[in-house]
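A.B. asks: Take this structure first; my questions come after.
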């Protein structure tokens, strides 16, 4: 059975705080592209040279046939894996639809698969994100929530930060009655290095508005995630 690591919830013990409020994120951190077009960056040649240096550091012969094109390939892979730095999360959520026909419950999109990289070891972590929000008059296209996850995932992250950024972006742009985000993921920095424990899953969650204030809504959100019937 997979190990499950879950955050402590307020109210789980007599000593748990019930007045805790999560720290606010700076909107400039999650609403705009992280890299601006005029921002100074190393050249591609410098990036490839850095890869070559790392290969030499581990003891490889960078002139052997199998590694001649590796620096170029690694830089090209980084361009793809970290393209989220050049994309704007707010733009993804900008287009909304007003035809809700009086719908007043939350919208849930679950099992959004993603792969990201931890900022500590630059190693992959991967899993699924589950997102719910309760709209006020307008809704966003469902694919946009998956796209939002993809943008933030394609940056160096911690799972906690990724969870908070997704919730904060939806909260800031859509102004819903509440947002709930849960992420479950496996971290290769834990499974293939260090302690080497494969199959361990990490769970993180973030609630705002009605979800934060109403434990019954949190429970319903969790139930709908787990109910596969």
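Using N, Cα and C of the backbone, Cβ positions are placed for all residues, glycine too.
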A.B. asks: Looking at 1-21, 22-42, I want to know which stretch Swiss-Prot calls region 'Disordered'.
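C.D. replies: That would be 1-21, the stretch labelled region 'Disordered' in Swiss-Prot.
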A.B. asks: Could you tally the C-beta atoms, other than its own, that fall within 10 angstroms of the C-beta of residue 118 (Zn(2+) binding site)?
C.D. replies: 19
A.B. asks: Including all protein chains shown, what's the count of other C-beta atoms within 10 A of the C-beta of residue 189 (Zn(2+) binding site)?
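C.D. replies: Within a 10 Å radius of the Cβ of residue 189 (Zn(2+) binding site) lie 16 other Cβ atoms.
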A.B. asks: Under 8 Å between C-beta atoms and at least six apart in sequence, can you list the same-chain neighbours of residue 121 (Zn(2+) binding site), or say none if there are none?
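C.D. replies: The list for residue 121 (Zn(2+) binding site) reads 189, 193, given in order along the sequence.
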